[in-house]
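Over in TrEMBL, the protein carries these features:
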- CYS83, CYS88, HIS165, HIS170: Zn(2+) binding site (BINDING)
Amino acid sequence: MSNPFLKQVFNKDKTFRPKRKFEPGTQRFELHKKAQASLNAGLDLKLAVQLPPGEELSDWVAVHVVDFFNRVNLIYGTIGDGCTEQSCPVMSGGPKYEYRWQDEHQFRKPTALSAPRYMDLLMDWIEVQINNEELFPTHVGTPFPKNFLQVVKKILSRLFRVFVHVYIHHFDRIAQMGSEAHVNTCYKHFYYFVKEFGLIDTKELEPLKEMTARMCH
């Protein structure tokens, strides 16, 4: 990685909010290391996302959800100064797709928001989910809740929308920074993972369908 800016961005804990970490010595930490080792070894991403023999699906998914949250956070953080209330008054993916925000507190009905406001709410919401011990238990032997995969699907669908917005509205910034290859690798990793385990509805993937067909064979 020759670009010093990218070294700083991709190798340090330089996200624009606190980064969820795995505690050393835990099973989740070991799985995280295993997943990272596969990527660092240059293993085919399609193979890297497959469930390792003898591992629990929920543990494998939990590790990846946290990792994708950190990576997508970081990608958005690098273009965030160009995504403003003025430049992106609507959270969208081109003229055909508009994403409205809904939660259990402030916005009980789907509400049109600017992209930066949507991103803030989204990252806060995901952070709450992955730091909730009942949803993402950190202790070995503590079972995952019955609705775990349901929550995960919602998290990943919403994270996918960040990729949509970044690729469609801010790709020039990504290219200008020389981080196109890295963002593409993060996207491919994410895409192969959600496809491997059926974690995003096909209709959600529609906005980047053509790009994905070219990039992910």
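In case you wondered, yes, glycine gets a Cβ from its N, Cα and C as well.
Because TrEMBL annotations are produced automatically, they should be read as predictions rather than curated entries.
In this view, HIS165 (Zn(2+) binding site) is surrounded by 24 other Cβ atoms within 10 Å of its Cβ, with every protein chain counted.
Every protein chain shown contributes to the tally, and the Cβ of HIS170 (Zn(2+) binding site) ends up with 22 other Cβ atoms within 10 Å. Apart from CYS83, CYS88, HIS165, HIS170, the residues listed for Zn(2+), the same chain places the Cβ atoms of ILE79, GLY82, SER87, ALA115, PRO116, VAL166, HIS169 within 8 Å of the centroid of those Cβ atoms.
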